[in-house]
Structures are given as structure tokens and as C-alpha cells.
Amino acid sequence: MTNRPENRVLIFDTTLRDGEQSPGATMTHAEKLEIAEMLDEMGVDIIEAGFPIASEGDFKAVAEIARQSKQATICGLARANFKDIDRCWEAVKHARSPRIHTFIGTSPLHRAIPNLTQDEMAERIHDTVTHARNLCDNVQWSPMDATRTEWDYLRRVVEIAIKAGATTINIPDTVGYTAPVESADLIRRLIADVPGADEIVFATHCHNDLGMATANALAAVEGGARQIECTINGLGERAGNTALEEVVMALKVRHDIMPYDTGVDSRKIMNISRRVATVSGFPVQFNKAIVGKNAFAHESGIHQDGMLKNAETFEIMRPEDVGLSATNLVMGKHSGRAALRSKLKELGFELADNQLNDVFVRFKELADRKKEVYDEDLIALVKQNDAVSDRLKLKSLKVICGTEGPQHAEMVLLVDGEEKSIDATGDGPVDATFNAIKALFPHEARLQLYQVHAVTEGTDAQATVSVRLEEEGRIGTGQAADTDTVVASAKAYINAVNRLLVRREKTAPGADVKNVGYLDAGE
Ligand code: KIV
Ligand code: ZN
């Protein structure tokens, strides 16, 4: 039996691996390092930092995160072959506490792709887990698509992995198919039936295709799992993963019913949620549990009245518990640099002096145009500072629009530092603007999504624009804000192109998480 307290649940965050795998959620090297540092500081037990074999960039990010880690165990993902495992070890070995996570799809559908019989796969599991364990004494093994694997086979391969030295067995619900009662039952049966199961930690890894990921993860804990795999904001493939903030707060708020502890400081949740939304380009939906803009907002008269009399009438947790400040300091044109720095810190942005200066200049410009600058305005301003890549930059834009078409966009764009200009036309100001970008930087990407929303109220509100582009299966999402909707649209489009270019570079040698083959079964 492990000597960890019975009621301690380990939090394994995979924002930088499974989260980054969601289409369009590309993070730069610096952004990954920053998120890893925040995860470490908030008390996450294990950080899955990436998939080292997937690309040179992933390898470097995992290695650097391993080097900078302070408390957390740093884990890398590897398929069931020696080359992946060796590469993973080369990256994570720099950590104070490294872990190799190796996996293989065990369900009939997944076995069919590399065309392995049950026995062949069992042998491969034995060999690869043994190999990983010879390199590292902390090895996690996952039977991908466990919830659709035949019970007898699942039981058999879990036993093989434990005997070969796995110290954590993760049971993934890869396609988000299971339901809470089943999820608890599966872990309970494995612990009861598999020899050696009480020597290791069982983990749960749930996807959200049916909206049950968090419920399934919590149920697995009731069944005996002591590691929850999750991501910030529930980022992840398709409908995403179990959200870290949901499981941490559920275990905190319902502690008398589910007496399990995590080591996560919940007051850091809001900051990291905002930061991940920014760097991943995936905004948090307004009504998202815990971290959505409306999670602590009350509008109806009854609710407001109740809240004023006793906050507990309509809130099961306090905003401060997740790091939302109770006092909302509104910034305006008289606010100084120190106030801006402290406000940004509260919002989760610690900027270097030169970055702060840059944001301050734009904050003053905005404050001259708007009476009050809200948190959302500031977040939008900082987001603009997050240059993903500097290849394309908007220098100036003048748009002529109105009832008489065609509309014109006069644009000056910096492409790799070189100034290019054009006067393009289009069917409306946004179309003309996008045509200008396409003419100045020709590309084949198709516009998949264009969305505008106001970040604050009033006609002087900043508009936040989201753009999603697709090019040969690669996705680039961009976001930008400005009080001028067309300028925000241009910046968002340029941001999406820049992200696409980062993705293009990552995939150049044919090696990327979204490009790696199924198993490399020939090795
Ligand atoms: O969803 C899944 O099965 C995974 C595995 C790699 C653990 O992400
Ligand atoms: Zn997953």
C-alpha cells in the first residue's frame, strides 16, 4: 500500500499536453513555461508538460519546464515504443521529480489500427513499461479508450503493467462515453480484482463529450481513484476534459460529503484561468462553472436582494475562494502606473517594466476614449500585447464604409518587418479589411469562424473579435479587442495568421502532436 493519506487526491494537470491538443490552441514556448510555473505555484501535483517526441518545440518545452519545476512532478507523454519513451525521458529527466507516461489504445477499435492481437499488445505493454521503468522510477501507464475495452482484457493488461513496474495506472474515458456510476464501478472493480492494485495509484482521465467529465472524475474518486487528470478551463480535444477548477472546488465545497483533499490553492484559480484563456485563444464561456464571467453575477431582483442579506442564499462559495477580489477597483484616466500594475497583478498578469509601459500607454489612450476601464478592457489590452509571433503586424488601417459600396480598406502591414500597403475593396468593411490582409500576405487559409462581442457595456465598449482559420487541417485562432470593431477584426485575423504560422513551423518536419502516427507499430 502506498503511504499517501487515504483521502489525498493528486491533481494531474494536462493543459499543456491534452489541452494544447485541442484544435487551434497553440501556445508558444514562453507561454507554456509561464503556465507551468503558475501550475507549480498553485500546488498542482503533476504537470503533464507535453509530448516530447511530437516535435522539437514540444521536446524543448518539456525539458525547460522540467528544469524550472519547483514542487510538481513533471511528466511527458510517450506512445508504446522505445523511441518515444527514450525521448520522453531525455526531456523529463531534468526535473526534481520526473515521470514517464506511456499509453496504448486497448479497446477493439484501437487494437485494430496497429493490427495487434491481444497477445501481441500485451507483450508490447510488458516490454514498454519495463523499458520506461528501467529509466525512471515513476511510470504512469494508460490503456487508452479503457471504458470501451473488454473487461477481461482490461483487467489482464492492467495487471501486466503493474507487474512491469507502473506506479500509476490511468483509466481514460478517451471518448467521453462513460457515466458516473460506471466510472466509480470500473475503478472499484479493478482495485478489487487486479493483483498488486493496492500498491499503486489509480487515476481517472475523462473527456467531456457528453458533458459528464467532471462528474465522472469525482465518481472515480469515490471508486478509489486517487489522481484526477484535468485541464484549466476544461481545455482539451473535442468537448474538452475534466476542468481543474471544477474538481478542486467541488472537493472543497462538498468536503463534508466527499472528504478528499487536494494540494491546490484555489485562490489562484481565476488568474490561471484567465491566462490560459488568453494564451490558448479559447475564451471562457460566460456561464462556465467557477470561472465564467457570470459564475458570481446576480441579476434578478430576488437574487440580488438575497445576496445583500446573506451571500450564502445564492452562492455556495465565495468569489475570494477562487481568487476574485471582492472589491472591484475601476480604473480611469486618472489612474497611475502603480495602480495599473497592481490591478494587472490581481488579474493574473505580472508584466516586465517594458511590457507595463507599453500597456500603460494604450491604457491611457483607452481611458481618454472611455469613462471607465473595466477588468475586461484591461485583459483585452494585455492580450493585444501577447504577440504570438511578430511576422505580421498591423501598422495602420483606414476604412471607408457606408451605404455606397464597395467599401475600401487602406492598410499598411509589416510582414517580417517589411512595410507593405494596399487599398483593397470588399463587400463591407470587414471583408475589405480581410481582403487587404490576404493581398499583402497571400495564404490559402479559410475563414471558419468570425465572432464579435462587446467586452463591456455601452457604445464605447471595446469589441473583442475572435477569428478561426483553417489551412490543410491546421487551425489558427486569433483574438483582439479595440473600441473600433474593424480594427479589432483586422488584429484578430492577423493574430490567427501568426498562430497558424507558428503551427506551420511546428509541423514542418512532419512531427507534431496532431501529426504523429498512431503507434509507430513497426518499431
Ligand atoms: O484521452 C486519452 O485517452 C488520453 C491518453 C493519452 C491518456 O489523452
Ligand atoms: Zn485525453
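Just so it is clear, glycine is given a Cβ too, placed from its N, Cα and C backbone atoms.
Annotated in TrEMBL:
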- 9-270: domain 'Pyruvate carboxyltransferase' (DOMAIN)
- Asp18, His205, His207, Asn241: Mn(2+) binding site (BINDING)
- 393-523: region 'Regulatory domain' (REGION)
Same-chain neighbours of the Mn(2+) site, Cβ within 8 Å of the mean position of the Cβ atoms of Asp18, His205, His207, Asn241 and not counting those residues, run in sequence order as Thr14, Pro172, Asp173, Thr174, Cys206, Asn208, Ala213, Glu229, Cys230, Thr231, Gly236, Glu237, Gly240, Thr242
Ordered by sequence, the long-range same-chain Cβ contacts of His205 (Mn(2+) binding site) under 8 Å (at least 6 apart) are Thr14, Ser142, Asn170, Ile171, Pro172, Asp173, Thr174, Glu229, Asn241, Thr242
The predicted model's mean pLDDT over the domain 'Pyruvate carboxyltransferase' (9-270) is 97
In chain order, residues whose C-beta lies under 8 angstroms from the C-beta of His207 (Mn(2+) binding site), counting only those at least six residues away in the same chain, are Pro172, Asp173, Thr174, Val175, Gly176, Ala213, Gly236, Glu237, Arg238, Ala239, Gly240, Asn241
His207 (Mn(2+) binding site) falls, by three-state DSSP, under strand
For Asp18 (Mn(2+) binding site), the nonlocal same-chain Cβ neighbours (under 8 Å, six or more residues apart) come out as Glu48, Glu229, Thr231, Leu235, Gly236, Glu237, Asn241
Among binding-site residues Asp18, His205, Asn241, close to ligand 1 by Cβ (under 6 Å) are Asp18, His205
Taking DSSP helix as H, G and I and strand as E and B, the region 'Regulatory domain' (393-523) has 35 helix, 53 strand, 43 coil
Around the Cβ of Asn241 (Mn(2+) binding site), other Cβ atoms found within 10 Å total 32
